[in-house]
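Working notes for the structure below.
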Amino acid sequence: MSTLRIVWLYPDLLSTYGDRGNLLVLAHRARARGIDVEPMQVRSDQRVPHTADMYLIGGGEDGPQAVAADRLLQDGALNRAAEAGKPILAICAGYQLLGSSFYANGRAYEGLNILDLRSDRGPSRAVGEIAGDAAPQLGIGQITGFENHGGRTHLGEAVQPLARVTAGIGNDGTTEGAWAGHVIGTYMHGPGLARNPRLADLLLAWAVGVDPSQLPPIDDTWPERLRAERFGALAAAQ
Amino acid sequence: MSANLTPRAKFATTLLRTAAALSRATGRGDGSVIGGRVGLIVEPRLLELLAEGRHVVLISGTNGKTTTTRFTTAAIEAIGKVATNSFGANMPTGHTTALAKAPKAEYAALECDEHYLGQLLDAASPKVVALLNLSRDQLDRAMEVTALAAKWRQTLQTSAGQSTIVANADDPLIVWAASVCQRVVWVAAGQSWTADSAICPNCGSHLDRFGEFWRCTNCGLNRPSPQWSVAQEGEAVVGPDGRRYELNLQLPGRVNRANAATALAVASLFGVDPAQAAPRLSEVASVAGRYAKVEREGRQLRLLLAKNPAGWLESFDMIEPHPPVVLSLNAREVDGFDTSWIYDVDFTSLAGRKVVVTGDRRTDLAVRLEVDGVDFIVVDDIRAAIAAVPPGPVEVVANYTAFQDIRAEFNRVN
């Protein structure tokens with residue numbers, strides 16, 4: 001196939017702690033299947049290309065989050081990409097701004113309305129390991145990650161939770177993340193895909209238009225060992 | 001100094017020394033923290049009382065503060081005795097202990113944790129404050145970095161009126177924080193990590209960069225002209241009058257030449273002739289185990305401590321091009337429980353070398369290296385790592401507790 005173009009949105013605003021990792025993991029897993037990848041970093045003062053095959057948006061502080069939402073609303077390309085069924089992976093602050101509204105700098109801001117959800121402030125910061133059972137329709141098993149956020153997210157009718165929480169807080173202590181169509185949002189921050197190779201493959205499969213089972217398997221000894229370690233650490237702590 | 005201490009403060013100082021000595025004797029550490037805690041319980045103003053009448057410099061920043069404090073101490077010792085928290089205990093308990101242990105020292109060089117800068121400004125009334133750099137560090141337990149810069153800016157505005165600030169002109173977060181001060185000496189100390197200052201800390205617009213220069217496209221915040229800099233050619237520091245001070249450092253890397261430039265700038269504010277101070281810096285061979293060289297079974301290990309993305313990238317810049325590299329990663333409380341930051345480090349420069357990974361979170365490193373296409377082997381501990389590499393030089397890079405574990409294996413080498 002031709003080159004897979006993956007856009008990483010606004011690393012100048014939303015790249016707080018290892019967010020580049022998701023782009024690196026996707027590129028690594030695509031190349032291992034012989035798929036060429038063109039990573040495209042798009043700064044917040046640049047136009048968002050609407051011709052890309054996948055879009056990533058990371059986490060960040062309140063100020064940059066509000067600026068990013070404003071610029072994406074003005075740009076419009078991410079909304080068009082969502083309508084066109086392009087895969088979008090949004091993390092933490094990036095996840096919140098895909099909803100109808102989010103809370104930053106002490107007030108509510110308008111979001112992109114790509115996912116039917118809204119976010120506000122929680123009683124305390126959610127910091128630590130997070131794990132859950134992913135929605136069965138996604139076929140990705142359990143999820144594992146690290147969360148660090150002050151927001152809580154309330155899901156509407158038109159989205160499904162990404163997972164049921166078994167450890168950590170996620171949206172509200174019961175569910176974590178959300179998905180609809182080919183758009184996925186999650187509080188698993190930074191390089192969440194490094195610990196969730198099946199989620200990475202699901203996004204790749206959507207991007208190239210195949211079923212995930214059609215992607216040739218690759219050696220996941222180390223990612224699987226890491227997953228086992230993190231689940232084991234949670235079990236030992238409980 | 002101690003001659004003027006109240007009886008209560010004297011009593012607190014005695015108890016502090018006893019507690020620290022007991023802690024050392026029972027093998028619990030160097031006793032700085034427990035000693036200071038005991039002293040401050042007996043006399044809550046002990047730090048302030050012990051600092052009174054001394055010429056104090058505070059040194060803070062994300063990376064390089066322990067080394068810069070050591071360099072500064074070596075430089076000022078050219079003219080007098082210096083109290084310093086050389087064991088890296090960089091919170092008020094450690095500062096109190098450092099001052100209590102050196103009652104006759106006229107000078108004090110105190111490394112200060114970034115989150116305690118305000119408290120130390122109030123308690124120690126420093127003559128000089130050196131601000132090195134700010135970058136992302138242990139996000140799960142510390143503040144986001146722009147918020148920390150904002151806190152510094154506010155603190156400096158209210159509490160640093162009597163101090164001269166020595167600040168890094170190359171770090172926009174530092175410049176923004178320090179620019180509220182009346183007296184600032186700018187040092188071109190470099191910035192190895194620019195990802196936390198892509199946008200202006202003052203107004204949120206984009207920063208334009210041309211080589212070493214940077215400026216905000218909107219509000220005009222820009223790189224001040226530095227009075228001190230690291231020489232472009234050779235190993236030297238260039239002072240305000242354009243004079244060159246040759247360095248012959250044992251510590252590696254450009255970042256340590258920058259730390260030396262800051263130390264010379266600080267020392268000259270204390271009246272030390274930089275020409276007299278510079279040779280003293282080359283006597284520093286290691287700093288609390290950092291850069292220490294140890295030998296085991298024909299392998300010569302050099303130990304490098306790196307706690308965050310900027311630190312790891314600086315380490316990769318320091319290491320010799322060919323020897324095997326041992327990487328050790330932990331995620332205990334003081335390291336931060338979150339290992340996400342290893343994805344902010346580019347490991348591709350290690351490709352083609354022998355790379356051995358260890359530490360509590362070696363599996364995280366394995367996944368990370370695989371993504372960057374770097375071959376590696378995974379071993380249980382430093383002993384196994386040594387066995388896994390051929391005799392000869394070995395570079396060891398470890399984060400905080402991983403580094404302490406390795407130091408322990410070598411009798412807590414200093």
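Cβ atoms are placed via backbone N, Cα and C, with glycine included.
Automatic prediction, not curation, is the source of TrEMBL annotations.
Feature annotation from TrEMBL assigns active site to B:ASP338. Annotation note: B:ASP338 (active site) sits in a coil segment as assigned by DSSP. Summarising the environment of B:ASP338 (active site), the number of other Cβ atoms within 10 Å of its Cβ, over all protein chains shown, is 22.
TrEMBL lists B:CYS200, B:CYS203, B:CYS216, B:CYS219 with the feature Zn(2+) binding site. In the structure as shown, the Cβ atom of B:CYS203 (Zn(2+) binding site) sits within 10 Å of 13 other Cβ atoms. In the three-state DSSP reading, B:CYS203 (Zn(2+) binding site) counts as coil.
Under the heading domain 'Mur ligase central', TrEMBL lists B:59-267. Here the domain 'Mur ligase central' (B:59-267) has a mean pLDDT of 92 out of 100.
Filtering the binding-site residues B:CYS200, B:CYS203, B:CYS216, B:CYS219 for a Cβ under 8 angstroms from any Cβ of chain A leaves an empty list. If you measure from the Cα atom of B:ASP338 (active site) to that of B:CYS200 (Zn(2+) binding site), you get 27 Å.
Taking every protein chain shown into account, B:CYS200, B:CYS219 are the binding-site residues, and of these the Cβ with the most other Cβ atoms within 10 Å belongs to B:CYS200.
The Zn(2+) site is defined by B:CYS200, B:CYS203, B:CYS216, B:CYS219, and by the 8 Å test on Cβ atoms against their centroid, the other residues of the chain that qualify are B:PRO201, B:ASN202, B:GLY204, B:SER205, B:LEU207, B:THR217, B:ASN218, B:GLY220, B:LEU221.
All protein chains shown were included, and the count of other CB atoms within 10 Å of the CB of B:CYS216 (Zn(2+) binding site) stands at 20.
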